[in-house]
Amino acid sequence: MSALSSPRSFSAPARGRVPAPSQADLLDFARRTAADTELIDSLPLDPEGRTWVRLQGPGGSEAWLIGWPPGTGTGWHDHADSVGAFFTARGELKENALAARLPTDGWKTLELSENVDRERRLPAGRGRAFGRHHVHEVLNESTEEHAISVHAYYPPLPRIRRYSRTGQVLRLEHVERPEDWQ
Ligand SMILES: [Fe+2]
């Protein structure tokens, strides 16, 4: 009897799990999206603060188009257990990052060793991917130009842990849930 199942059910797509997007997939998405000039030009820009538009990322990832007025930045943070990527479409971003794998939970302050700081300049046409627990801050240091970038994270809706930093001491200030961070 089962051999006589209808063509419709026979040809139905398998409901398998979609593989999780890799860092390379997220970076590729961010690169392609940053090249979509119509989309990039559609982002409203505000000289007073960052602007956001949510995008449909690949494989169920969370993606955002972000406008950065001159002099704005994120402050130190990480995306906990999510991996991510971002790509600059306009202007230039700077990323300050820690080249150290930090414990995710169970601490309030950490004294960083010397030589853990890394700086990257990401002008339009450049981006990067990052792994879990990547601690960074992203800035538009320009005094004149907006920057626009595309960001993608997987798993989506990551926790964002925010830190203050005094010299080599990093202090966990609070953990934001996705609903807090627009
Ligand atoms: Fe980030």
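Using N, Cα and C of the backbone, Cβ positions are placed for all residues, glycine too.
When the ranges 1-23, 47-69, 116-138 are checked against TrEMBL, the one recorded as region 'Disordered' is 1-23. For the binding-site residues His77, His79, the largest tally of other C-beta atoms within 10 A is found at His79.
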